[in-house]
């Protein structure tokens, strides 16, 4: 029987992303582009996973098996109870955004730290720092700030108890959410979903009048790349770092871990920018 070159190829490895919601994720587009660029017979899919379905998804991941998983909101901490091992960085961060197999066991890692740090390396006098949010992404940010030696750090979150708990784990301070605009910071990092495409688009976690020259606004939201948070910061004279920088950096690190191959960061960013119409 002759091989039909037009028939779809069954991927040798299947990867995916879990989170909820996943309507705006660019991970499948980016990773599948990378596989095609390097001629790898792999595929990457989105698996929308509400919190109550996380256990079932992880059982399915083992049964298939999936070769690796990217993990996003709201599972970066909850997924840890479904894994056997953790890298030192994942343990130190207390959150996982990347899952891979090693010796027949699922291992949790965190490439968000590397992705977050990359745009800030070489910058001096990053402190004081204000971190908005207290979820898994905030944990990666605090771990990255510790690596960079940036501080002092203040954490603000709508749930004050979560802010206090997170701050205490990283030697930071916690402040009430309502008082965030009174925190004097040179670097402000938004780890909340405020401003993300969908219901939160157009929202900013900081008042527009907060900004001035000499400050840096870093938004982890990457879709849209130009958020109200960044737009208002720039209008006030602050420098800005968009979420594409961190997303591209963490994705390249994931791709390297899963495939042993390297994607050019400039091309990755261009693919993401094109997908967002930039």
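Every residue number used here counts from 1 along the chain in the order it is shown.
In case you wondered, yes, glycine gets a Cβ from its N, Cα and C as well.
Remember, it's a predicted structure, so these values are computed and weren't measured experimentally.
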Q. Pick from 49, 72, 87: which one does TrEMBL list with 25, 26, 27, 97, 112, 222, 250 for the same shikimate site?
A. 72
Q) Which of these, 106, 220, 265, 272, does TrEMBL list as part of the NADP(+) site with 133, 134, 135, 136, 137, 243? A) 220
Q: Among 25, 26, 27, 72, 97, 112, 222, 250, the annotated shikimate contacts, find the widest CA pair distance and round it to a whole Å.
A: 16
Q. Reported as an integer number of Å, what is the Cα distance between residue 97 (shikimate binding site) and residue 136 (NADP(+) binding site)?
A. 8
Q. To the nearest whole angstrom, what is the C-alpha distance linking residue 137 (NADP(+) binding site) and residue 27 (shikimate binding site)?
A. 16
